[in-house]
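Below is one structure, written out as structure tokens; comments come after it.
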Amino acid sequence: MHLYRSHTCGALSRGDVGQTVRLSGWVHRKRDHGGVLFVDLRDHYGMTQIVADADSPALPILEALRVESVVTIDGEVKARSEGTVNANLSTGEIEVFARVATVLSAAEELPMPVAGEQEYPEDIRLRYRFLDLRRETLHANIVKRTKVISDMRRRMEGAGFTEYSTPILTASSPEGARDFLVPSRIHPGKFYALPQAPQQYKQLLMVAGFDRYFQIAPCFRDEDPRADRLPGEFYQLDLEMSFVTQEEVWETMEPVIGGVFEAFADGRKVTPIGSFPRIPYAEAMLKYGSDKPDLRNPIIISDVSEEFAQSGFGLFEKIVGTGGVVRLIPAPNTADKSRKFFDEMNDWARAEGHAGLGYVTRKQGEFGGPIAKNHGADKMAALFDRLGLGPDDGCFFAAGKAEQAAKLAGAARTRVADQLGLIDKDRFELCWIVDFPFYEWDEENKKVEFSHNPFSMPQGGLDALNTQDPLTINAFQYDLVCNGFEIASGSIRNQSPETMVKAFEIVGLSKADVEERFGGLYRAFQYGAPPHGGMAAGVDRIVMLICGAQNLREITLFPMNQRAEDLLMGAPSPAALKQLRELNIRVVEQTKG
């Protein structure tokens, strides 16, 4: 017999009754039933119930052990009595009567429990991540993550893609987030950077004559912590294709991403492959108040600026007259809601930094609220009829500058749906957001900036850059969204040196700046560059959605905390003086004040 096990803890069944077996694993739980000890023995594969009675030499050994100790059990497989079968375990029809117990590693008192799913402080969970990873849900999430990535690879290879690895040490790039810099020992005073994404390398692969590249790429960004993003490191399914239009990218990737969701849906509905809605950015901002719309939410925002332009309702009329907008957010079937519901929504909007959220109530066709009183019942009825709202539907209003009103309306749309229980949690709703603006106005610096990816092809090409107002130019850029999360982003690339120079010129960078900052790509484009495009899908977010996890730390092996600290390994940490000298680096204390 094998030194440690003849079977795993998830392998035994009724067909093994009568066999002598050897199992090894962790003591998950212990239950003392007066001279009979029941132990749940756990390994990576499952759980088996071990029984030790007064006649078993294993009893005193197991009684003395703390949970999470590692043991080897020799014993006989027996069938459980009918009333004690556990249908929740693959081994639930049997138990192993222990004859011998060998302690492989005794556990100290635990700083946190492993059995059960109770909440525990995050700093403890991260400091003792090796214990946290033993917990059932987190352990299953990590296993599922690996299976999702394997499924992605299989689907990409099936679609004709080949995996290539691009460098981890590269040059610092000025666009995007801050780089993680790596000092060069051989070249004092110079630095490598960890890649924020393999963007330039994958485009260079297309110029080099490769086609249909992909990799599961680690990406590094020195960003301030955010609730929906892990600090430091993340992974993306990165891909690029030559001689393609954006429609061909969508048609190629829907079976991959949609197929992954279908494979791990576990009964949840998924938007059918080939029918992902394609929503222009401007339409998304109007109807959903977001470029990451959750299409499980049935609420549609409407622009009602014209209705209030000459309405006599002073506040809205003034806003529209000075170039602002009024957006209406339906609140369906709220006739039974008290005024408190509507007032709390208004209070919430103010707490979020907005002027407020106006509202109209309606019950059996009768309107209520100050806006309805000022606007008049007939006008409100006509507006409700035009929008298809019913006799028991209320609504909210977001008014102000277009961007601010859209943001408030989008947040209100989400909050109303949550409050009213309108979102079906058992669906994955996917859609493409297309026709992003190529440029945007940077109010703080009073200048035009790229809104998305500077390497994208502007719609209309060089001619559009030369003749149009930059803020009216759209790009061949697109995002893939699922349930309110951006899970992928991509574009058709700009492979023309002239167009590239002009695009950067509009944001204030000269040809010399382009050659200095993006020299490799710029030079490559002068030697025959094919039309190409691609995208990158966030592996972490896709896995988070599939697992139904609340945050990215629940699907990541060894994440940092929100202060970008690895509490388990103690990173970041001071470097030894010898290391600093070799790198020609001196640490300067920050002065306070």
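A Cβ is built for glycine as well, from the same backbone N, Cα and C atoms used for every other residue.
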Legend entry - Record-annotated ATP site (Swiss-Prot): member among E163, E283, E486 besides R221, D222, E223, G538, V539, D540, R541: E486
Inset, instruction - Using DSSP with the three-state reduction, classify R221 (L-aspartate binding site) as helix, strand or coil. - result: strand
Legend entry - Average model confidence [pLDDT] within the region 'Aspartate' (199-202): 95
Inset, instruction - List the residues of the same chain that sit at least 6 positions away from V539 (ATP binding site) in sequence and have their Cβ under 8 Å from its Cβ, in sequence order, or write 'none'. - result: R145, V148, I149, M152, I216, F234, Y235, Q236, L237
Legend entry - Annotated ATP contacts R221, D222, E223, E486, G538, V539, D540, R541, maximal Cα-Cα distance (Å, integer): 20
Legend entry - Least Cβ-crowded entry, counting other Cβ within 10 Å, from the recorded positions listed as G83, G538: G83
Inset, instruction - Determine the minimum-neighbour residue: among D222, D540, listed as binding-site residues, which Cβ has the fewest other Cβ atoms within 10 angstroms? - result: D222
